[in-house]
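According to TrEMBL, the feature substrate binding site maps to I126, N152. If you look up TrEMBL, you'll see R207, I208, D228, P263, L264, H265, E266, K267, T289, D315, H344, M345, S346, G347 marked as NAD(+) binding site. Annotation source TrEMBL lists domain 'D-isomer specific 2-hydroxyacid dehydrogenase catalytic' at 67-360. Per TrEMBL, the feature domain 'D-isomer specific 2-hydroxyacid dehydrogenase NAD-binding' maps to 161-345. The feature site 'Important for catalytic activity' is assigned by TrEMBL to R291, H344.
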Amino acid sequence: MVFARSVTRLSRPASTLLSTRATPLARRSSLGGGKVLLVLYDGHEHAREVPELLGTTENELGIRKWIEEQGHELVTTSDKEGENSTFDKHLVDAEVIITTPFHPGYLTAERLAKAKKLKIAVTAGIGSDHVDLDAANKTNGGITVAEVTGSNVVSVAEHVIMTILVLVRNFVPAHEQVASGGWNVAAVAKGEYDLEGKVVGTVAVGRIGERVLRRLRAFDCKELLYFDYQPLKPETEKEIGCRRVEKLEDMLAQCDVVTINCPLHEKTKGLFNKELISKMKKGSWLVNTARGAIVVKEDVAEALKSGHLRGYGGDVWFPQPAPKEHPLRSATNTMGGGNAMVPHMSGTSLDAQKRYAEGTKAILDSYFSGRFDYNAQDLIVKDGDYATKAYGERNKLQGGAI
């Protein structure tokens, strides 16, 4: 049954940049309409100029009309911090919560305890570490947590390769030099190297890590290594030309470049601390497009300052958005370079946004219709238990640190 609804814009102070949109409560459909709470980042004029910016509060994954036609209420906001946030006000009676890794609405145990009507939490993208999954398994008899697996793996893998090249070729200081009117080849060439002949290793070799290794083949690296709790198939290793290392410390000691591609959970939070970074090859580069909390930001900054790390780059921070005083915004190596950090953008290219918007709609359709025929790979927790090796089952596997 279809209901026409007008859109009500909730009033907000002129000083804030937060975006909140909602439709008023109205009649429910015969199936029973519920509240859908959508947390996205503000696009402002950019979202108006480019409608393909689906991951913005203005464009709402392109699903507002579809949700309303089915008799559900949609509340969209970027205001997600603190007890008085729009996110907190509406989660108490939301049946569905959708958020993204790029502007995450953190579903802590405390917040989940208030979400008395919540049935499903969807990540528009990949990575559900912003949800307390243990608490989710106990909330309202066990809520479903799902994400759009595979939606942006290509986008992130490409970003990893770009970041490696930006660091190894010392691109950022060179560009900044010419942009400021300078010309001093020696000043930037002294920190520039070739990727060919280097040893590169990935921490975890899932959908993204494997794609990174495949793309690195073309650069004639000396060796491609990986660390993971389970090996690739022998034929896959042969095809890629990579080798598994049993211990993480052993792999780090061999690598000129290390890229982090593992999920964030209790065993990887703060994994790259001062002690582990000290095991890395002196003068190596570290790339992180996984999650900001996997590294200890102060320890990374200090390793750059001391010269133990030649560079650090990626697009993930903790918390997000990163505060202005976050040390990795300005950390540099001994030559004043070595920083290739950007906002969390690797998995939110326009192509990726289309994929994760479509995937989110498919998950919601499965839920609203009552079919519950989700793609198995999209499920993180369901029916009060874990549904994926990346989180719940990893402890059952050999060497389950990653």
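Glycine residues also receive a Cβ, built from the backbone N, Cα and C atoms like all the rest.
Each residue contributes its Cα atom, and for H344 (NAD(+) binding site) and I126 (substrate binding site) those atoms are 13 Å apart. Mean pLDDT across the domain 'D-isomer specific 2-hydroxyacid dehydrogenase catalytic' (67-360) comes to 97 in this model.
Just so you know, the Cβ of D228 (NAD(+) binding site) picks up 22 other Cβ atoms within 10 Å once every protein chain is counted.
Proximity to N152 (substrate binding site), judged by a C-alpha distance within 10 Å, picks out S346 from the binding-site residues D228, L264, S346. Each of the binding-site residues N152, T289, S346 was assessed for Cβ neighbours inside 10 Å, and the highest tally belongs to N152. Cβ neighbour density within 10 Å is lowest for E266 among the binding-site residues E266, H344. S346 (NAD(+) binding site) sits 12 Å from R291 (site 'Important for catalytic activity'), counting Cα to Cα.
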